[in-house]
Amino acid sequence: QAVRTEISKLEKEKLRISETVRTLVLFLLQLPEYTQALQKGRDVRNRLNQLYLRDAELDQEHYSQALRLPNNTHPDVPVGDESQARVVELVGRKAEFDFKPRGHVELGEALGLIRQRHLSHVSGHRSYYLRGAGAKLQIALQNFALDTLQRRGFVPMVVPDMLKAVVFEGCGMQPNAHLSQVYSLDPARFPDLNLAGTGEVGVAGYFMDHAVNWKDLPVRTVCSSTCYRAETDTGREAWGLYRVHHFNKVEMFGVTANETGQESSQLLEEYVSLQKEMFSALELHYRVLDMPTEELGLPAYRKYDIEAWMPGRNSYGEVSSASNCTDYQSRRLNILYEREDGSLQYAHTVNATACAIPRMIISILETHQTKDRTVRVPQALQPYLGLEVIERPKYAPLKYIGPNQHSRPPRPGPNAR
């Protein structure tokens, strides 16, 4: 009974307070100062909402412009476009033939290694199949590169092929740019997921927002991954394996200290030395180029390309690159190392191609071809391939019969007369 009495008392008091508030509100509404303050409050709120939107737009514009800022450039880098690339070294000699050398597509088709024909309705332009010794050659090259680098202390890694845009941007790539080389998945189903065009992105993402212990530096990582590239310039290298939408690549990635300012430059030279060692073991003629400013891209402080001689193309073709990105990627991706005293410092990153497999296949087929249309296998690759010579397979090639068109009448069965 006492509880109910108190409830009744408080409900009456609540009604009296509500009536008092209503009276005060009616009184306030009659005051010009109050109505003016209300209107001013609405105006300020509306203006703030407009400014919040504009601030977000400007922040995004500033971020987009900042993403386009390049790294600093090494003072010894040549200035200009690709024609200004400086030849640092020539290694080996061009292969000599007593016959006209064939291109890799002709050789690959004759030996049943490569198929690019009749794929428009299967996998589209710039795609390919490797079969038989062609598939074995890819696996052999991959294992040759991985074994070589693991013997030198590289830690192997398997990385995701699909990554968020922030990782690409942190590496100095722009997945959302016009005519981007990056494939983006359907945003309605997979928001903000993109296919990596190089293993570098996946490895960099592994170190993102982490600190490496100074005792472990430099960290040398190697990964083999499938790379996907849009290759929007359809007029260049439209046929063959030189410029394709998907390929396998073995990639080196390094994280090093920044105490003297020379650590990443030394690691870059080490990676180039390893590239040369592998290409020489495959008995290729190649040249090392110090790439000019317009070929560095956004992240590279300095970049070396290696071009192998490809007799069927009668020209050099790029088979690898190596870049010192200093702290460009680490500042964007928050990659640090922990000093002995516990303080944190932005690391330097270096990346380099160990084996871009399609272009290495081009180089090997065209360099080591013989007059009888076989291909001699470099000695270093023989244990991995299990062959000394690549010859035509014993099985017959497939016969193209055309697509199964709906308008075509059914073929007669075996019992038809």
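The backbone N, Cα and C atoms fix where each Cβ goes, and this holds for glycine too.
Unlike curated entries, TrEMBL annotations are predicted automatically.
TrEMBL has this to say about the protein:
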| type | residues | note |
| --- | --- | --- |
| BINDING | Thr198, Arg229, Glu251, Asn351 | L-serine binding site |
| BINDING | Arg229, Ala230, Glu231, Val244, His245, His246, Phe247, Glu318, Val319, Ser320, Ser321 | ATP binding site |
| REGION | 398-417 | region 'Disordered' |
| SITE | Thr353 | site 'Important for serine binding' |
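Residues within less than 8 Å, Cβ to Cβ, of Ser321 (ATP binding site) and separated from it by at least 6 positions along the same chain comprise Met291, Lys303, Tyr304, Asp305, Ile306, Ala352, Thr353. Other than the site residues Thr198, Arg229, Glu251, Asn351, same-chain residues with C-beta atoms no more than 8 angstroms from the centre of those residues' C-beta atoms, the L-serine site, are Ala196, Gly197, Gly199, Glu200, Val201, Cys227, Lys249, Thr353. In space, Val319 is the closest of the binding-site residues Glu231, His245, Phe247, Val319 to Asn351 (L-serine binding site), judged by Cα positions.
Phe247 (ATP binding site) sits 10 Å from Thr198 (L-serine binding site), taking the CA atoms of both as reference points. Secondary structure from DSSP puts Thr198 (L-serine binding site) in coil. If you measure from the Cα atom of Thr198 (L-serine binding site) to that of Glu231 (ATP binding site), you get 13 Å. Annotation note: His245 (ATP binding site) sits in a coil segment as assigned by DSSP. Here the Cα atom of Glu251 (L-serine binding site) is found 12 Å from that of Val319 (ATP binding site). Neighbour density at the Cβ, taken as the number of other Cβ atoms within 10 Å, is lowest among the binding-site residues Glu231, Glu251 for Glu231. With Arg229, Ala230, Glu231, Val244, His245, His246, Phe247, Glu318, Val319, Ser320, Ser321 listed as the residues that bind ATP, the site has a largest C-alpha separation of 19 Å.
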